Amino acid sequence: MLSSSSPGSSEDICVDCDAGKSSERGNTSCITCPTGTHSPPGSLCLDCEAGKFNENVQQESCTNCGTGRYSTATGSIIESDCRNCEAGTASSEEVRTNPCPACPEGKSAPAPGFDYCHGCPAGTYSDSPGTILCNLCAIGKYTSAAQSTSCDDCVAGTFNLVEGSVTCDKCPAGQKVNDASDGCEVCPNGKYSNPGSTSCSHCDETLGYVSLSGETGAAACEYCGPGFYADQASHTCKECEIDSYSVGGVNECTSCPSGTNNAVASTSCSPCSPGIISTGTSCDQCEKGKYGEFGATSCAPCDSDGQYSDELGLATCKTAPAGKKPTSNRQDVENCSPGRYSVGGKTECDECETGKFSSEGAVGCSQCEPGEIPVDNICIKCEKGEYAMFGSSTCLVCDGPGEYSDEGAGFCETCPQYETFLSETNICDCQETFTRIDGICTCIAGETLVDGKCVACDDGRYKDHAGTDSCTVCDTSNIKGAFDSVPGVEKTSPQSCACGVGKFSDGAVCKDCAESGVNCTTVGLMTETLQMFDGFWRTSSSSTEVLPCLNPKHCKGGADTTDLCSDGYTGPLCAVCTSGYAATGSGKSLECSVCTGDAQTTIIFYSSLLLGMYLVINFIYCCCCRPNSTERAPTQSRRSISHSSSSFADGISRIRSTTVDARSTYKGLVKAKGPVLKVLVSYYQVMTMLPFVLNLSFPPVFTTVSNLFSSVVNLNFISLMPLGCIMPSDFHHQMVGYTVIPLVIGLIMIVAYAILKRYESTIPLSNEIFASFLFMTFLILPSVSIQIFSTFACRDFDGDYGSYLKVDYSIDCDAPSRNFYWYYACVMGLIYPIGIPVLYWQLLKHVQVKMYLDPGQLDLNGKKAWKRQGVEEGMWEFVLIDTTSGEDEGEGEEANEANEANTHNEEAKIKIELAKAKARAWTERGLMVAMRDQKPPEEEGRAWEKIES
């Protein structure tokens, strides 16, 4: 009972606990009684008594073990504590607390679990308590009663030849039981026996009886009838001779009176022979089926038991021998039909007893062996699932629980516990819901025994082994939240127990959902059922590594790891386009576009775009960068100047000077800003690719700005449209294009340079081509190198998912086809990241040799030159002075006049133009050369060192 109080009351009121609950003194609440106990209302939790059990909590009463079972333990929590009665014992009690009593004498229990003892059938016995199988009666013994405690000996004159007999057989007439009491033997000559005799007796020959040797049938002492006498010497009935007669039952014949006669074996002396009747005038033979005694006046029918007459003129009727009976007209005999027999002298054959049979003309009946029954007078074996004891007439069905039998069985066998016999396969198989494990039918893991059937463990329980014992409660210290088993998962291990909200099972224990991107708001999550948020991806249902997608829009989330990607996307991190889609961009900017539109129109557009770009570049070159005819051929220009007019020469000089100054201004701007642009281009080429290849993270603002320049500086204008729809390709093919196309263009430029530099008139153009070649190598070196290095950057994924190229996740790094591109990238690495810098170094080294020429080696054509002081070695600035070698800096107007006079010197002019051409060539090769028409101005504040020629 528990106490409760109402507000304002000073007294406690105790109320009874509900059935299946209890409380200690002073408690304010009831507790649930555990398994193995029970509690009526208002009672304590009491252990289940012996003979009972309780597998559930909060029960008012315990369950009885039932008939055929017992239990000595108290507080049993599982039904398996109830033990089956041993074989040879039985109990009909619902509750038994000690082992079952032994079966009394005359009864047996052939298998465990019997609720009553079966009486021993006829032909068997039990002479001690606790018999498992009844004993068969030995040969020479029998019992016809059930529940016998012993077998009786066959009475004198009877016997049997098999064990388990229910009756004993009698010896037929003319035989007796032998000394071993296991058969009959024929009486010797001169002796007889009645059916069932234990000994043979002498026949009374004085009364006309004799016994013939070898009689095994029903004949005992043969009666010597009328016309015969008993011969004591031969022990046979002999006929009376002629003139003698006998009325029967004599040992000698009587002579006929004088005047009468008779035939042999006559019964009287008369004018007619025996079997012939006298009509007064003649002697007529009696017909078949009748007989006529000697001296009879009419023939009498053979109507006595077993008599017949099959001949004409018989004086007496014949007796039917053993195994035969007279026909209905008494004119002959016929064999006893199957199933009947006759010992002789019978009008009708006797029917065989139940369970016995006989063949045609039988003198006795036989019994079938155990497991056989007589059918159409032959023994037929009982079918499978049936049995027959010795002497049975029908086969009985083995219909007890788990009983079965083979063909021709004399008794039923019982299948082991929880098994039943299948007649189709003739084997004992497990009952429904049971499974055979290690040869025993039991419950599989995840199931327990309830009401004789295997059922799944209740929610919150599991069982990790086979057997009929109870399920184990889920460990609350390991599993948080609900204790329901995971839907669709068999309750065979602790992993079957559900994890709570915010956790998931990894197959052993519950773990916190620490990974971002996983939805753990439901109960019972396992590794296989984890729910991905949008923008996250994992390799398989067994993976616990959750990865953010390169572009969150590409991953739609969910629990099905085969369907985590949005339409058009697939592969690792959903960064591969499916069939029918083409990729534009890469990394986070990757987009898969549906292949729509006209391929022919797209090709025409790209071709037109490339042609237009070529024409624009060519136009700009022709307008701004191409040297004029005067610069290309100074000698011819000079030769066209007239010596007669200095004013015309001055005009031409001013026009040329204006044109050169304009072009020089443009070139100066390009040369001044070109290095800065080169550095910026190279910088952004490297910085925009490093984060993707090396997994680097930059500040968001920096990343946004870098992405603006990425498509331009990395030469991605090739992918302005989804060309993958027209010409499907992957990174390997793009890398080949990035490396082969510059090689082809560079080869063409080198060949053009080598051809043009042979002619003096095309040397400036060849120098421009070579300079363009160097600029092209400088422009493509970072981006092509990044492409080459990206070939080796693979990303490994967990499990057996493999390794994929980071720049193109459609490429499997472990695929055999990748080996070619790996070696190809190695070769391209020697050409680009290594070969181009080596080319630069060789060119600088070659130019540097020229830059270190001694002043005495300079051919200034008689001109004065100065070297600016403070300039690093190898970096020279030359100033060519258009004055004669005999003049110095301070000559003033005379020097100018001499200079003007010398300009008409054709040879000097040609030398000056050649010097300027060389200076331009040096400038185009990277040398700092200044061409001036006057001495270095002092006002510039620079110090000059005079160099004499």
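Each position is counted from 1, following the chain as shown.
Just so you know, glycine gets a Cβ as well, placed from its N, Cα and C.
Feature annotation from TrEMBL assigns domain 'Tyrosine-protein kinase ephrin type A/B receptor-like' to 36-82 (among others). Counting residue by residue with DSSP, the domain 'Tyrosine-protein kinase ephrin type A/B receptor-like' (36-82) contains 3 helix, 10 strand, 34 coil.
Taken from TrEMBL, the feature domain 'Tyrosine-protein kinase ephrin type A/B receptor-like' covers 140-175 (among others). If you average pLDDT over the domain 'Tyrosine-protein kinase ephrin type A/B receptor-like' (140-175) in this model, you get 83.
Taken from TrEMBL, the feature transmembrane segment applies to 603-624 (among others).
If you look up TrEMBL, you'll see 692-715 (among others) marked as transmembrane segment.
Among residues of the same chain six or more beyond the transmembrane segment (735-756), those with a C-beta under 8 A of the stretch's C-beta atoms are 762-763, 765-766, 769-770, 772-773, 776-777, 780, 783-784, 787-788, 790-791, 821, 824-825, 828, 831-832. Residues or ranges marked as transmembrane segment by TrEMBL: 735-756 (among others).
Taken from TrEMBL, the feature transmembrane segment applies to 768-789 (among others).
Residues or ranges marked as transmembrane segment by TrEMBL: 821-841 (among others).
The region 'Disordered' annotation in TrEMBL covers 885-905 (among others).
The feature compositional bias 'Acidic residues' is assigned by TrEMBL to 885-897.
What TrEMBL records for 930-949 (among others) is region 'Disordered'.
Annotation comment: TrEMBL describes 932-949 as compositional bias 'Basic and acidic residues'.
With DSSP classes pooled into helix, strand and coil, the tally for the domain 'Tyrosine-protein kinase ephrin type A/B receptor-like' (140-175) is 0 helix, 9 strand, 27 coil. Using a Cβ-Cβ cut-off under 8 Å and counting only residues 6 or more beyond its ends in the same chain, the transmembrane segment (821-841) has close neighbours at 732, 735-736, 739, 743, 774, 777, 780-781, 784-785, 788-789, 791-792.
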